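Engineer: I have a structure here, written as structure tokens, and I will follow up with some questions on it.
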Amino acid sequence: MEDTATKQVRIAPRAIRNLLAVQAGGIISRLAFVAFNIIAVRMLGKEKFGLWSLIFVLLGIGYAIVDFGLDPLTIRDIARNRSNLKEYLSTLFGIKLCLSLLALPVLFIASHILSDSPESYKLILLAAPLLMFTALEGPFASALRALERMHLTSLVDTAYTCLQVASGICLLFLGFKIGALLGAYIFWAFWRWLTYYLIIRKDVGLIRPGLDKSIAKYLLSNSYIFAILGVLAFIHFRVDTLMLARMKSYEVVGIYAAPYKLLEPIMFASISINMVLMPTVSSMLVTSKESLRRVIESIVRILAAISFPVLLLMGYYARDIVLLVFGEAYAPSSSILRIFCVICALAFAFTPFRVLILNSTYTKKFGVFLLFNTALNISLNLILIPKYSFVGAGIATFITFGIDSVVRYLFATRIFDGRRPDIHVALIKLIVAVGLMWLTLTVTGFAPLVLQVLLAVLVYVSAFFLLSSIKKSEITFLLTARRET
């Protein structure tokens, strides 16, 4: 029988391989979106860009309803049991079609509540097919991810994202506005859904929308907790935009949304990591919990080592980046960019804990916490936005996300039967290395920008590898000896 060490050696590289496959395409896709957003910010202006951002926040609410937790459930179920795949996907197809139709009136009502602009109502209705095609793509893309065919999902997503972005940029330069941009997005969303459908059809045969009662009952009864978590998580992280639109203006939303769009690649990278890790975590949680703990520890350390220095550089040069990318009109966005950099670093590094919770028996308890944390976020926004505008919204998100990160770690400890994920020492070393990097940037402020960055990166890498060579046992010995002295 395969021992724990052998299993860890075999499974961990597979998880890393899948992660790299998705991230390779994800980097290209997100850089393309950054390019589009930079152009859109300048050509649409603050007010129109704020409206564009609000439309996609509302579409996000609609998608959280349409998804109903079915995509993560699909990945979990197919990763554990691949039998009856055709009937399973047929029922998912039918459920998603019904939920898409139910989400449309919710979107229209939400647009009326959040805005008095007739233009926003029309654009939301125009965007409805985009929501539908994105939702219908979910079962087939999730099935491919569960089967660990990450190279295919990465290729399809990257290709169609680049086509979407290229079309959008061309339309902007030709003088078209938001309606035409949405039309281009809808066109490519249809073809992306069709591509996923044809790939799955080649493997399992023709799939028609269906509603097998037993499968539908199982799916809806098991997905609702994922749905609740998804809706709460979305509200938690995007309610600030909705409240700014209602309490302030589209222009304020534009200032707030600009740095968010700049960091969107990192935000979406954490979502991609969720999808990639889901099959591995789902199976290992049942077969080898101790091996899973070590895999999670390794991935958290790697993600933190990558994200912390990159986001420190972005935060340090926030004002320069905002002025260079968006222009003088968006100068106030620099303070929000700094706040978002810290949030992104935590989100990126700690995302494996979220995947772990979603696959555990603690999802309902985590849902209760998320409900209270979302209520706290809304309360803080109600208090801070009237006084501090978009900065208040950023502070509210920072506070509640910090709480969320700590609680995720505590839940992970409970899932591993009281054994804490061994990341403390690694994070302390990383913080020291990042601190030295920040100190280097401060001391070399007189030097040219390129030289500053190169020196800071060199100091970080040197400190990181030097500190990594110090074993945990040596640190523990020193601390123990000091206490005894």
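Placement of Cβ uses the backbone N, Cα and C atoms for every residue, glycine included.
Given the structure is predicted, the values throughout are model-derived calculations rather than measurements.
In case it's useful when we look at the structure, here is the feature table from TrEMBL:
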{"type": "TRANSMEM", "residues": "20-43", "note": "transmembrane segment"}
{"type": "TRANSMEM", "residues": "49-70", "note": "transmembrane segment"}
{"type": "TRANSMEM", "residues": "120-140", "note": "transmembrane segment"}
{"type": "TRANSMEM", "residues": "152-174", "note": "transmembrane segment"}
{"type": "TRANSMEM", "residues": "180-199", "note": "transmembrane segment"}
{"type": "TRANSMEM", "residues": "219-239", "note": "transmembrane segment"}
{"type": "TRANSMEM", "residues": "266-286", "note": "transmembrane segment"}
{"type": "TRANSMEM", "residues": "298-317", "note": "transmembrane segment"}
{"type": "TRANSMEM", "residues": "337-357", "note": "transmembrane segment"}
{"type": "TRANSMEM", "residues": "366-384", "note": "transmembrane segment"}
{"type": "TRANSMEM", "residues": "390-411", "note": "transmembrane segment"}
{"type": "TRANSMEM", "residues": "423-443", "note": "transmembrane segment"}
Engineer: Is it the case that the transmembrane segment (180-199) and the transmembrane segment (120-140) touch, counting contact as three or more CB pairs under 8 Å in which the residues of each pair are 6 or more positions apart?
Structural biologist: yes
Engineer: Are there at least 3 C-beta pairs under 8 angstroms linking the transmembrane segment (298-317) and the transmembrane segment (49-70), leaving out pairs fewer than 6 apart in sequence?
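Structural biologist: When sequence-distant Cβ pairs are counted, the transmembrane segment (298-317) does not touch the transmembrane segment (49-70), since fewer than 3 lie under 8 Å.
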Engineer: Answer with yes or no whether the transmembrane segment (152-174) touches the transmembrane segment (423-443) by the criterion of at least three Cβ pairs under 8 A, sequence separation 6 or more.
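Structural biologist: No, the stretches stay apart by this measure.
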Engineer: Would you kindly list the residues that approach the transmembrane segment (390-411) from elsewhere in its chain, counting only those six or more residues past its ends and only Cβ-Cβ distances under 8 Å?
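Structural biologist: That would be 236-237, 240-241, 243-244, 248, 252, 255-256, 332, 335-336, 339-340, 342-343, 346-347, 350, 353-354, 356-357, 360, 362, 365-366, 369-370, 373-374, 376-377, 380-381, 383-384, 420-421.
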Engineer: Any contact between the transmembrane segment (219-239) and the transmembrane segment (366-384)? By contact I mean 3+ C-beta pairs closer than 8 Å, pairs at least 6 apart along the chain.
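Structural biologist: Per Cβ check, the transmembrane segment (219-239) touches the transmembrane segment (366-384).
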